[in-house]
Amino acid sequence: MKILKKKKKGNQQIVPDERYRELDSHAPNENEIADEAPMSRKILYYLKLVYHEIRENITIYLLIILYLCVCVMNKIMAKRTLKKIGNYSFVTSETHNTICMVVFFSLYFIFGRRVTSAKERHQNFGLQFLLISLLDACSVIIAFIGLTRTTGNIQSFVMQLSIPINMFFCFLILRYRYHLFNYVGASIIVLTIAIVEFILSFETQEENSIVFNLVLIASLIPMSFSNMTREIVFKKYKINILRLNAVVSFFQIFTSCLMLPMYTLPFLKQINLPFSEIGTNIKNGFRCLILGQNTIVENCGLGMAKMCDDCEGAWKTFLAYSFFNICDNLITSFIIDKFSTMTYTIVSCIQGPAIAIAYYFKFLAGDAVMKPRVLDFVTLFGYLFGSIIYRVGNIILEKKKMMEAGNDDDSEGELTNAESIITQ
């Protein structure tokens, strides 16, 4: 008698991940750990877990170190470029986007097309690329306004708020699920930065406005959606990283034009530019960048209406910035592609304390070198500790997901055996 008849899927078995099988082999019986075991044995046990985690994820840790080095150099070279040709932001932005487009398209046609499937090659992702470009442009424009009345310490804290903002939108849209340790780790990072920057804020007398602080925080929302769109494109369509960055750079050449009206806003201080002077500013910008000719040399400087030009050798500094920025974009895309938006968000937050420490070294910071501060190392420790807690939450979730998959497979096997008995 046939009561149930279900199409058999074969003897598919989910093989437990060898990483966690080996991890379990390191773990003694829970009661044995909880009992009065010698302290040395407990320490050895946890050291084995740390060794196992590093060994199995050595690639991502090396990638984090590489990203950190590139990101620090990117920010330092960006500051040097701003110091030399800060009066010509539109020229540097458009020139940089053009360089990125040429480099990414060249790399894609040389290397990317060989590994690109025919389906991807003929599929049009123009809408997704345009959306990413518009979100990036929107984020830059909003941040551009917010930064004008936001002090450096508050800027650093606001950047860390990308963690809870990304967690919220990834939970809402990408259906991410988090462990308690994820929330604890993220909170440790944000609170550490908040406390340190609050202390440092008393050392500065810079102009600050709560309204502009909120505007800067708002710029994190389109940035979060941009990163999530990248993740969807990578995971769903398996698109080539070089292709995405090439086309996005192409669109950004046009979306950067949206920035032009922003320069006429009166509260932009040194970078304020009357509409009638935009054409002259663009011409002088190219003269500064390509020919090294200074235009603004009088009635300029710290506290004045304009920054002074320092165009000699500006093209070298600018090319160095473009190189590290291109590397930054590639590594960012790779992290989002291979891991997730939240992994990138957590990793990117280390750049704050790392950049502060990098300014201790004159060969990196140049004239902007700073004296070491204990608070910078406190920030770095808080970030590392919070990241470890966050990673523990990910490990627990991954292992739980594998166990649930194994249980589902066992249940399906029992049902199949029952069906075979009933139908005999």
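Keep in mind that glycine also has a Cβ here, set from the backbone N, Cα and C atoms.
Model, not experiment: these values are computed from the prediction.
The disulfide bond annotation in Swiss-Prot covers CYS288-CYS311, CYS300-CYS308. Residues annotated as N-linked glycosylation site in Swiss-Prot, with sequence analysis given as evidence: ASN87. If you look up Swiss-Prot, you'll see 1-57, 111-124, 175-179, 230-246, 338-345, 398-424 marked as topological domain 'Cytoplasmic', on the strength of a curator's inference. Summarising the annotation, Swiss-Prot assigns topological domain 'Vacuolar' to 79-89, 146-153, 201-208, 268-316, 367-376 and lists a curator's inference as the type of evidence. If you look up Swiss-Prot, you'll see 58-78, 90-110, 125-145, 154-174, 180-200, 209-229, 247-267, 317-337, 346-366, 377-397 marked as transmembrane segment.
Taking the C-alpha positions, the distance from CYS308 (disulfide bond) to ASN87 (N-linked glycosylation site) comes to 8 Å. For the transmembrane segment (377-397), the neighbouring stretch richest in Cβ pairs under 8 Å, chosen from 58-78, 125-145, 154-174, 180-200, 209-229, is 180-200. The stretch with the most CB contacts under 8 Å to the transmembrane segment (247-267), chosen from 90-110, 125-145, 154-174, 180-200, 209-229, is 125-145. Taking DSSP states H, G and I as helix and E and B as strand, the topological domain 'Cytoplasmic' (230-246) has 14 helix, 0 strand, 3 coil. Across the candidate stretches 154-174, 180-200, 209-229, 317-337, the maximum count of CB pairs under 8 A to the transmembrane segment (346-366) is reached by 154-174. Counting only same-chain residues 6+ beyond the ends of the transmembrane segment (58-78), those with a CB under 8 A from a CB of the stretch are 317, 320-321, 324-325, 327-328, 331-332, 334-335, 339, 343, 347-348, 350-351, 354-355, 358-359, 364-365. Summarising the environment of CYS300 (disulfide bond), the number of other Cβ atoms within 10 Å of its Cβ, over all protein chains shown, is 14.
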